[in-house]
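Participant: Let me give you the structure first, and then I'll get to my questions.
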Amino acid sequence: MSDFWHKLGCCVVEKPQPKKKRKRIDRSMIGEPMNFVHLTHIGSGDMGASDGLPRAGGVQEQMRSKCGRDRQWSNSGVL
């Protein structure tokens, strides 16, 4: 009898669960920004450097002067 259950188990295959469809987001679901503080504009000349890496020093200095804080900006986000 155990041979019967073994053979039956080999024939029954679990169907994969259908992927849940992600809810689409449209413009009506997006609200206004909260706690937004505009610090500065960054132009193409501010970020490009000859070696392909961004020059963050000047931009960081602009941001520091705009926000009125002596915050040390991290270079970890620089690519």
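Glycine too: its Cβ is placed from the backbone N, Cα and C atoms.
The following feature annotations were taken from Swiss-Prot:
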COMPBIAS  63-72  compositional bias 'Basic and acidic residues'
DOMAIN    30-43  domain 'CRIB'
LIPID     CYS10  S-palmitoyl cysteine
LIPID     CYS11  S-palmitoyl cysteine
REGION    41-79  region 'Disordered'
Participant: When the pLDDT values for the domain 'CRIB' (30-43) are averaged, what is the result?
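Facilitator: PLDDT averaged over the stretch: 82.
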Participant: Helix, strand, coil: count each for the residues of the domain 'CRIB' (30-43), based on DSSP.
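Facilitator: Helix (H, G, I), strand (E, B), coil: 0 helix, 0 strand, 14 coil.
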